[in-house]
Amino acid sequence: MSGATATDSTGGSALTPPPGAETPVRHPDAPEPGTPLGSHYEQCFGCGEAQSHGLHLEARAGEGVGVTAEFTVRPAHQGAPGLAHGGVLVSALDETLGSVQWLLRTIAVTGRLETEFVRPVPVGTTLHLRAHCTGVSGRKIYSSAEGRIGSPDGPVAVRARAVFVEVQLEHFTKNGRPEEIKAALDNPDQHKVVRAFEVNP
Ligand SMILES: CCCCCCCCCC(=O)SCCNC(=O)CCNC(=O)[C@H](O)C(C)(C)COP(=O)(O)OP(=O)(O)OC[C@H]1O[C@@H](n2cnc3c(N)ncnc32)[C@H](O)[C@@H]1OP(=O)(O)O
């Protein structure tokens, strides 16, 4: 390896805000720090309360354009005996990073996500996650996250950097399976309709 910064078809250093990127601005209607964000969609693998196989991750608004979250590793999340599966940990990071969009009131999907696995995470561990936005460049939203074992000040187990790409509602209505899209849109609770797709209220 030459040590040069990795580039790709997305036009540059993929996970670092480019020169000229805007400083992220917390939306004026973003919930106060400490406010639970709740599940954005009941069937979400990351946060859905009705998703029996899911992570049941609980996120809260943090300071600035940031969030905190907790996720307890259950036996269903194992890879190696007694240890969390790496993909499950990536899902927890993805969900936490995705929750940051709620403070920007932007609809965006994960374009790229890089994870560093620092320590194994045993079953029964509560992972304390935090994520914040590092910059915005056009439709690209850059963010980073970390997860610590046992407490917000515990040892770092995972770190991630990501770029999310802003999309329109049609991204979901055109690409999602019609029955779930219809059910989500037909929910009489308008707040839940908005949250399911993270549409600007
Ligand atoms: C409380 C809320 C909680 C929410 C939690 C949710 C957490 C979960 C979040 C997810 O996991 S979302 C599901 C996983 N992601 C996807 O399924 C996305 C699949 N990919 C796509 O749909 C499209 O590839 C995508 C929308 C990302 C981009 O397609 P577009 O055709 O809109 O992009 P376009 O080619 O117009 O590029 C727009 C900009 O984005 C850049 N770009 C495109 N794809 C990219 C990529 N993959 N990575 C990084 N940058 C990307 C591209 O270079 C360009 O930059 P510039 O404006 O500077 O030229």
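Note that the numbers count up from 1, one per residue, in the order the chain is shown.
Cβ atoms are placed via backbone N, Cα and C, with glycine included.
Taken straight from TrEMBL:
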COMPBIAS  1-13  compositional bias 'Polar residues'
DOMAIN    82-149  domain 'Thioesterase'
REGION    1-38  region 'Disordered'
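Residue counts for the domain 'Thioesterase' (82-149) under DSSP (helix as H, G, I; strand as E, B; rest coil) come to 18 helix, 35 strand, 15 coil. On the 0 to 100 pLDDT scale, the model's mean across the domain 'Thioesterase' (82-149) is 97.
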